[in-house]
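> TrEMBL lists 60-276 with the feature domain 'Peptidase S11 D-alanyl-D-alanine carboxypeptidase A N-terminal'. Sequence annotations record features per position, and here TrEMBL assigns active site, acyl-ester intermediate to SER92. Residues or ranges marked as active site, proton acceptor in TrEMBL: LYS95. Residues annotated as active site in TrEMBL: SER147. Annotation comment: TrEMBL describes LYS263 as substrate binding site.
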Amino acid sequence: MSLFFVLSSRKTEFVAVLALAFLILLSFMGRDDRVPSGTGAEQASAEIMPAPVVVPNIAEPILNAEAYMVRFADNASPLLTRHADEALSPASLTKIMTVFAARQILAPDDNVLFTEDAKMAETVRSDASSGEIFMRDDAVRMAMIPSANDAALALADAAGRKAGEGDFESRIAFFVRFMNEQARVMGLHETHFTNPTGLDAPGHMASVRDLAELVRVALARDPEMFAISREMAADVFSTAGKRHTMESTNDLLKEFPALAGGKTGMTDNAKGTLVLVYPVPPHRTAIIVLMKSEDRFGDGRKIIRWLEEAF
C-alpha cells in the first residue's frame, strides 16, 4: 500500500469526523429547549438550581411536628422532611389556595360582599358586618393576616358570583371545584379541598410536599399575596370608608423580620400548622411547611436557625 493512499484515507476519515461533529452541533443549536409557560415552566424552574450544599456537622433540628418539609423554591429536593406524603388536615393553610384562586378570578377592583351566609362561618371571623363590601385585596388581607374564615367565604362567594353561579351554596361549590382543579394542574396528588376556610371536614386533606409545591407555584405566579402575608398588622377600609384593624396570627414575623411571608393554621384535628417563606443568602428562598405540631412556632424557629447555620 502506497504512502499516498494511507494519507489520503486518513484525510478522508478526518473530514468525515469533522462533518459528523458539525451536524451534531447544528442539531443542538436548532433544538428548542424552552419550556412552555404555566405550570410546566414552573415545575421545570424548580429543577434548575443544583442541589444545595449543607455545611457539615450541623445537626438537624428535633421537631414536634408529625409531618414537615423544608425545601428551596428553586430545587424540589427536600432539605428536611418527615412523612412528606401523608395526607393530613391542613387547617387554614387551605387559605393559601383560597387566596391564590380568588386572585385569579377576581380583579383588584372587584367588590367582595360579606353576606349573612359568610358571617355564619365558624370560629375565627373578622369584625366586618354583614352587608359590608371590600375591594379584593382588603378581603385577601382579612383572610391571610388574621385568618378570618368569613373573609375566605366572602372571597369564594364573590368568585362564584362573578362566574354566574346562583345561590351561596352553588357559588362556594363552584369555587371549591376551581381550587381542586388548580391542585390537579399543580400535581398535588394528596390534596383535596371541601371548603375554602380549612375547617376540619371529611376528605379535606393535603400533604406537606403538596403544600410546599403550592407555595412554590404561588411565589412564582403571584408573589404579592405572600407580601401581604408578611404584614404584622394592617388597616383595611370598606367601600363605605369604615376602617377595620387586624393583627397577624404569625408570632414569628416580629422575631424574624426577614420572613417573606407565611400562613398559620389551627383546628382540633389538624393541631398547629404553619407555612413560612424565608430568604437564605445570597439569593435563595426556603419554603417551610409544618403540620400537626403542638409547637408550630417553636418548630419554625428551630428550622430558621438551622437554615441560618447550615447555609
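Cβ coordinates come from backbone N, Cα and C, glycine included.
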> So, three-state DSSP: helix, strand or coil for SER147 (active site)?
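Coil, per DSSP.
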> Quick one: average pLDDT across the domain 'Peptidase S11 D-alanyl-D-alanine carboxypeptidase A N-terminal' (60-276), no decimals.
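Across the domain 'Peptidase S11 D-alanyl-D-alanine carboxypeptidase A N-terminal' (60-276), the average pLDDT comes out at 98.
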> How many neighbouring Cβ atoms, not counting its own, are there within 10 Å of the Cβ of LYS263 (substrate binding site)?
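That number is 30.
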> Given a separation of at least six residues and a C-beta threshold under 8 Å, show me what packs close to the residue listed as 'active site' in the same chain.
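In sequence order, SER92, LYS95, VAL124, THR249, LYS263, THR264, GLY265 meet the Cβ cut-off.
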> Three-state secondary structure of the residue listed as 'substrate binding site' from DSSP?
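Strand, per DSSP.
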